[in-house]
Amino acid sequence: MNTTSKSWEIIEDEDTMRDLYLCFSIENRFYAFEVRYLTEILALPAITTIPGTAPFLKGVINVRGKIIPVMDVRLRFDMEFQPYHERTCVLLVELDGHPLGLIVDKVNDVVKIPAENVDLAPKIGESKSSRFIYGTGRVGDTVKILINLQRLLTQEESNLIQDIPGN
Amino acid sequence: MEREDVLEYLVEAKESLENIESGLLNFEKTTLDGSLVDREILDTLFRHFHTIKGSSGFFGLSGIVKIAHAAENLLDYLRNKPSSQDEETLEILITALDLLNELVIHEEDSPTGGGLYSEEQNQFLQRSNDKLLELKNSEMDLSPNLETEPTKEEFGLFQKDEAKQSPNEEFGIFTNDVKQNVPEEFGLFQNDTNDSKNEEFGFFEPKQSDTNPEFGLFTANQVNVESKPTNSPTNNSKSKPEEKKSNQKKDIRIDTDKLDSLLDIVGEIVINEPMVTEHPDLKKLKLDNFHKSALQLKKLIRSLQEITLSLRMVPISGVFSRMERLVRDTAKKTGKQVELIISGEDTEIDKSIIEEMYDPLVHIIRNAIDHGLETPEERKEAGKQTKGTIHLTAVQSGKEVWIEVKDDGKGLQRDKIIRKAISLGLINHLEAENLKDEEVWDFLFHPGFSTAKEVTDLSGRGVGLDVVRKNVSTLKGFVDVSSNFGQGTVFLIRVPLTLAIIEGLVVRKSETYFILPSIDVKESLYIKEEPIHELYRNNHSILYRENQISIVDIDLLFGKESELNNHHSIQEKYMIVAESHENQMGIVFDEILGNQSIVIKPISPLFKNINGLAGCTILGNGHAGLILDVRKLINQHMAIQST
């Protein structure tokens, strides 16, 4: 991490990282997740597709000698695939010690959403894409959709992969 | 106290416990052959327990402190009264070790502040206390006795274990006073009498009177010099700790994550080096000096790569020494006498492989003791020594390490195995007669194959050698067994030195680069306008050296529709003939980039359900390449086709 910049040093402190969210957008919706999961933001490198996986797992990328799987968040949310462009980003996050790249349309900014501005999502059935969302956060006049990163990789996926013939 | 500091300390504590274990095993060896344990071993053990006690106290792990303290007390007593040691004290010390291990692991998994948590642990404290008291009491009873049997001590010159030094007894007549005169009188005893050339007289050393006035003539050094040729039991116990000391290397503990990132970066440098030194922009320029420097840089990078890869290599001794304890416990449970002879423990092998070797070795060695070795009575009857031996050996052979477990037990029984194989329906009677021995032994690796009559807590639980073979083959290794009836059984495990690097053929299929391990590739061909026969959908064949072989593409191997359905001839494509268990198959690719040494990296656990990939790597062009598990793909594909 960049230690020459003072602001980073402060952010490294766990307490001040609380309530900070990284915002990105897909189509015209704004999503956010807790910044403490984020390790790095990358321009989209070459992706090596892995045959036989779920479509939203796009494949793997090389990040300075480390091989990291990437997921297309758009496909994960059952939205239509859009070709990647120069603003397409990979957000490197770490979940349970495993790095994962999230492909998103556009990264916006880091905002502070204090706990009192977070409303937990009402449980409306078992809707497929709502399971990734745990609440909404009010920031000024806008509302960010808060993502539960852990849920992006739940058990269902492994089942999904197993269902593919030949595996 | 930071949790991380505690964890770090616990790793250290485990190391001390390993040392204690080997010390105790030495202790046991000497106890069993009836001699008194060496003072040095007692001191070392005491020191280790003491260290654990001290450091654990610092971290507030009171349970560990209590147990270690109890063990320390016993040892301290033994140090002063070595004659009072018996099997029970040893047993208590071993229990102490087990409890300490338990506590350390417990503390690692669930931090509870290190207190005692089980009844057994509390009981141990009581038991060790009782034993100490008992020892002290018996000492009082015995003390008059001790005085009445001073026959040996009268001569003063003999060590307590003089019986084993029979060749030296002749000299016993020299007393302290005489000693000083002896050299002068006979001229044979010079100051340098302990030099190797004068070994015969080695036990007369000028300085000894300081250290050991009573037994003045024998010093510790001399016993070593003297006992080497005679190979007395005391020698065994003595020389071992010393050997260990001389083997001690300076080392430093490194977080494996740091090591891995170092490997990653070195890997990147290796890949980047040609990108820079052979940069297309430089091609047309005449740069003699640059090329000289570039060459130098290349050499340096090669050695950097070699060194970094060697960082992962550790001697196998860690796993081997853990087997000593296993042998001891198993022998005890089965009532058999077993000696484990270890050699080649310095052989270095990739750390990740070593860790995987533990379970297979445990299994094989347990089997060897439980099924292989006979009871002492049976052995006597068969005209063998009552004590069975197991040789555990490691040697490096080319790019492989061979680990051999050899017992001198009763060997495998062909008939019994064949009967079992028939009853499981693996073969019929007719086939059985023509089988070679090796083929018969191979049944042992069949899942669920156990010849054990009854389930014991050691074996026969159905978790058989098939698991061993499976574990070893995931390491790209092999297990073989050979046996002579009545003479014993040999298990040979062959594993690669390192899993990190393989030779592979780099190929491209549309945007994705694949690597096929060279070992699986038989031939690569350029095919143009070669007719493909469509047998039915997704099943094509092609003529290869007068044989029709299956031809597939990657899509089909991974369970999708084959592109070959749409073309009946291949244009400007390459076919790689791969082989698995005599099955040949042609796999179609767009381009072959060539042979390369590949640094294997694991694929994220996210993709764990994908069969047919052995790992990932990074290619010279910066792309990630996928390493195919060709054998698995072929077998899988054949299995689907045959259903």
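Glycine is treated like the rest: Cβ placed from N, Cα and C.
Annotation source TrEMBL lists domain 'HPt' at B:1-107.
What TrEMBL lists as phosphohistidine is B:H50. According to DSSP, B:H50 (phosphohistidine) is assigned to a helical segment.
The feature region 'Disordered' is assigned by TrEMBL to B:190-252.
Positions annotated as compositional bias 'Polar residues' by TrEMBL: B:219-234.
Look at TrEMBL and you will find B:239-252 tagged as compositional bias 'Basic and acidic residues'.
Here TrEMBL flags B:296-499 as domain 'Histidine kinase'.
Mapped onto DSSP classes, the domain 'CheW-like' (B:501-639) shows 24 helix, 79 strand, 36 coil. According to TrEMBL, the domain 'CheW-like' annotation covers B:501-639.
Here the domain 'CheW-like' (B:501-639) returns a mean pLDDT of 81 for the predicted model.
All protein chains included, B:H50 (phosphohistidine) registers 17 other Cβ atoms within 10 Å of its own Cβ.
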